Amino acid sequence: MNTLLTHPEPAHCPGPESQTAGKDESCNGCPNQSICASQLNKGPDPDMAIVTSKIDEYIKHKILVLSGKGGVGKSTFTAMLSFALAADQSLEIGSLDLDICGPSLPKILGCNLNETIHSSNSGWSPIYIDDNLSTMSIAFMLPNPDSAIIWRGAKKNGLIKQFLKDVDWGYLDYLIIDTPPGTSDEHLSITSYLKDSGIDGCLIITTPQEVSLLDVRKEIDFVKKVNIPILGLVENMSGFVCPNCKGESQIFKPTTGGGESLAKEFNIPFLGEVPLDPRIARCCDNGENFLELYTDSPATTAILDIVDNLRDQIEAND
Ligand code: SF4
């Protein structure tokens, strides 16, 4: 079986490497169809060399943020990671929203969603949240924030290429890439466009309960197949700390040992547990920097420890 496929090829398969892969009549109903149609057998993309040379020249570190399922706080963590890194004024940070059908990162980062993208000779200008923190998302291209995006793989692939090739990011120390949950067209596109430049690694976000960990196992299998190093696993919503009495209770019970035990099982780094703090949700809704506003929260301490650990891992080789 081709390693990118999620299911075995059916008996009537024309071949995932064939010219008609994913488009042949016999592909209808096959669970691999979008993968075959969007990624396989397209021949070398003539823009690949341009993307690679631009990334090599301007972007030092690339980190993917992944989750097995939705609702585990992946975009929130991406925003926190971006804010935490940008707190170091010596760094230039870009935060790329790859969740094309559900772009929530700009709102969490505090962007004005009516902002539109400016284009110049040097490309699309990203939206700046701070002097050293910029972002790009399909959210800035919609006629209004409630517009639905119903795109097939090839169209998503084209936009992701533009995010890497046509956005004038300037020099970045870190590009943090927020991906949709699971393993879909967006993941395949970004891994193929960054294949030659290299991805420093991925962060996998989970919550403690088994229903989330089950999907994390699939995510780990995917990143191993596409050879992305795993920087570590983060357990989010790991206990609830009352902002008034500081007492801690468990909302999502780790019935099978939670993220730490899963990390041990797969021999990947466990970066830490981030407790629930209701003020995080409020900050996300208001586009405020939680880490700056609530320095005394145990969630802030946990996130900053994780970011320090990440920087140590990544910058050790600089
Ligand atoms: S989508 Fe078509 S080419 Fe791809 S595995 Fe299925 S049947 Fe084969």
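Backbone N, Cα and C define each Cβ position, glycine as well.
What TrEMBL records for the [4Fe-4S] cluster 1 site is Cys27, Cys30, Cys36, and among Cys13, Cys101 the residue it adds there is Cys13.
Within 8 Å of the centroid of the Cβ atoms of Cys13, Cys27, Cys30, Cys36, where the record puts [4Fe-4S] cluster 1, the same chain has further Cβ atoms from Glu9, Pro10, Pro14, Pro16, Ala21, Gly22, Asp24, Ser26, Asn32, Gln33. Sitting within 8 Å of the Cβ centre of Gly68, Lys69, Gly70, Gly71, Val72, Gly73, Lys74, Ser75, and not among those site residues for ATP, are the Cβ atoms of Ser67, Pro181, Ile205, Thr207, Ser212.
Residues near Gly68 (ATP binding site) in space but far in sequence (CB under 8 A, at least 6 apart, same chain), listed by position: Pro181, Gly182, Ile204, Thr206, Ser212, Leu213, Leu214, Asp215, Val216, Arg217, Lys218, Glu219.
Secondary structure at Gly71 (ATP binding site), as computed by DSSP, is coil.
Comparing the binding-site residues Lys69, Lys74 by how many other C-beta atoms lie within 10 angstroms of each C-beta, the top residue is Lys74. Only Cys27, Cys30 of the binding-site residues listed as Cys27, Cys30, Cys245 bring a Cβ under 6 Å of any atom of ligand 1; the order follows the sequence. Counting in whole angstrom, Cys30 ([4Fe-4S] cluster 1 binding site) lies 28 from Gly71 (ATP binding site) by their C-alpha atoms.
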